[in-house]
Amino acid sequence: MCRLRVLLLLLPLAFVSSSALPIHDVDSQQNTSGFLGLQRLLQSFSRLFLKNDLLRDLDNFFSSPMDFRDLPRNFHQEENQEHRMGNHTLSSHLQIDKVTDNQTGEVLISEKVEASIEPERNPEGDWKVPKVEAKEPPVPVQKVTDSLHPEPRQVAFWIMKMPRRRTQPDVQDGGRWLIEKRHRMQAIRDGLRGGAREDSLEDGVHIPQHAKLPVRKTHFLYILRPSQQL
């Protein structure tokens, strides 16, 4: 109620000052334009607050004073309120903080109040939120082509010959295969057979089958490039 009384005391002073102020010329009117704007602002406040229904709810809007000595050393509180005042909605946000320094014992107390007045909204008027129609996602349009005449495309690939890997070292001195026992046994058997077939091998040189090197195959690498539309 203290704030309301201060506001009511300012209203008569504004009316008296505006009526007692003479207006002589254009210069004086320009100098008093700011004061006239303040007078109109006070008049709009008087029309809003000097109503019986607003006066009844005005005391309930302002919270009762709080004794900060009873609060703990560190305190934080936020409170939101809404009050219907005639055709208007009065919203308030109250925030109280108390912080105590443990080293120096300093106490910092802050109280913050934010208030706003909103007029009654007409759901069928300008405040109506437009409805957002759900649209179907666009479907990608495929290029129409004749099935009998497909589009020509260019296909290319590269052929690379892979290097051969040597699986076994080359035979040196013609007798590396005699290292293992089975090779030696095979040589003895081949020697015995060679004496019995000496006549049949006069025209050629006998080469043991196990001494022949394996046949090496050639490998190729094919790299296909993606097709390109001509």
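Every residue gets a Cβ built from N, Cα and C, even glycine.
The structure displayed is predicted, hence computed values, not measured ones.
In Swiss-Prot this protein carries:
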type	residues	note
CARBOHYD	N31	N-linked glycosylation site
CARBOHYD	N87	N-linked glycosylation site
CARBOHYD	N102	N-linked glycosylation site
SIGNAL	1-20	signal peptide
Within the chain of N102 (N-linked glycosylation site), which residues six or more apart in sequence place their C-beta under 8 angstroms from its C-beta?
none
Applying a 10 Å Cβ distance cut-off over all chains shown, what neighbour count does N87 (N-linked glycosylation site) have?
8
